[in-house]
Structures are given as C-alpha cells and as structure tokens.
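So the structure is just underneath, and the comments pick up after that.
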C-alpha cells in the first residue's frame with residue numbers, strides 16, 4: 001500500500017517550490033500544499049511548531065509538515081526571532097536593517113524548524129537547521145521575505161543575490177530539510 005502524501009501547510013508558493021527543490025525527486029513521499037488558517041501562536045519556536053503541527057494534523061487527518069522560520073539578531077538577544085513575519089510586514093527590509101543601527105554587532109542566525117506528525121495522534125518530530133550570517137543593507141531581489149538583508153557567513157552576497165541553487169545548498173531551510181530527508185531515508189519515515 002502506498003503511503004499517503006504529506007500535507008505541507010503553507011500558502012506561500014515560493015516556499016513550496018523551494019522545499020520541493022531541496023528535497024529533490026528522490027524523496028520517498030509526495031509533498032502536497034495545503035492552505036489552512038492556523039492560529040498565530042507566540043512563544044518559543046519548538047513549542048510553536050509542535051502546537052501548529054498538531055492543529056494541522058487535526059485538520060488534515062493525516063501526515064503533515066509545518067514550518068516556522070526565525071531571524072535572530074544577536075545584538076537583540078534573538079529578536080525578532082519567531083516574530084520576523086510581523087517585523088518584516090511593519091518595517092520592511094530597510095527597517096529591519098535599521099533596527100541594528102545602535103549596535104556594532106550585526107550578526108544573526110537564520111533558523112528553520114520543520115515539524116512532522118504522521119497523524120493527529122502521532123508524536124511530533126522536529127527538524128531544525130541554522131545558518132550564521134550578518135544583517136546588511138537590502139540587496140538583491142525582494143520577492144522572498146528577508147532574503148535581501150541576510151548575508152550568510154563566508155559569502156559576499158545576500159540570500160537574495162545568490163542563485164537559487166546555491167542558496168538551496170547552504171540555507172537554514174536546506175539544513176532542516178536535510179535532517180527530514182535523512183529521517184525518511186531511514187526506518188523511521190516509512
């Protein structure tokens with residue numbers, strides 16, 4: 001019997017495209033997009049992901065995958081963190097960069113956490129990836145969130161300036177999905 005597709009809860013077509021590109025054709029399960037209005041939760045990223053995943057599994061009644069992305073400025077002790085979506089919406093890329101005007105430390109961590117549940121009663125598994133970098137004045141395309149202000153360590157370009165293929169080999173999302181792919185390649189993901 002074939003496994004049911006995994007419902008990736010997102011309304012962001014670019015995110016779905018990136019996830020599929022990173023996982024590749026050899027990934028053993030089909031990933032389908034499902035748009036759900038889940039409650040916007042507050043708290044620590046692991047707790048947010050677990051709760052969001054269980055709520056999604058109750059709605060979908062099957063295997064689900066949810067994602068939460070954080071951008072953590074070291075000078076601001078981890079803020080905006082899981083609230084990056086709201087900061088970006090209100091301030092834009094220039095405003096996010098300007099938040100660090102008073103600090104010498106422009107370093108940051110991009111953090112991506114995927115939560116997977118096989119069903120509504122299943123244990124929620126977390127897969128997290130991190131990329132170190134710096135917050136810079138916006139450069140590059142503005143079609144994917146805060147990519148224009150995040151310059152990964154060891155690079156002279158922002159995520160937005162890098163070719164998609166290169167970004168998908170080094171990003172926080174890649175690192176998290178690599179762990180997910182490893183899980184599904186082993187005994188646990190069957």
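Just so it is clear, glycine is given a Cβ too, placed from its N, Cα and C backbone atoms.
The annotation ITP binding site is assigned in Swiss-Prot to 10-15, 52, 68-69, 85, 144-147, 167, 172-173 on the grounds of sequence analysis. The Cβ of residue 146 (ITP binding site) has 25 neighbouring Cβ atoms from other residues within 10 Å, across all protein chains displayed.
The Mg(2+) binding site annotation in Swiss-Prot covers 40. When Cβ atoms from all protein chains are considered, those within 10 Å of residue 40 (Mg(2+) binding site) total 11, not counting its own. Under the three-state DSSP scheme, residue 40 (Mg(2+) binding site) falls in the coil class.
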>> Run through 10, 13, 52, 146, 172 for me and report the binding-site residues whose CA is within 10 Å of the CA of residue 40 (Mg(2+) binding site), in sequence order.
In response: 52
> Which residues of the same chain, at least 6 positions away in sequence, have a Cβ lying under 8 Å from the Cβ of residue 10 (ITP binding site)?
Replying inline: 16, 33, 34, 35, 67
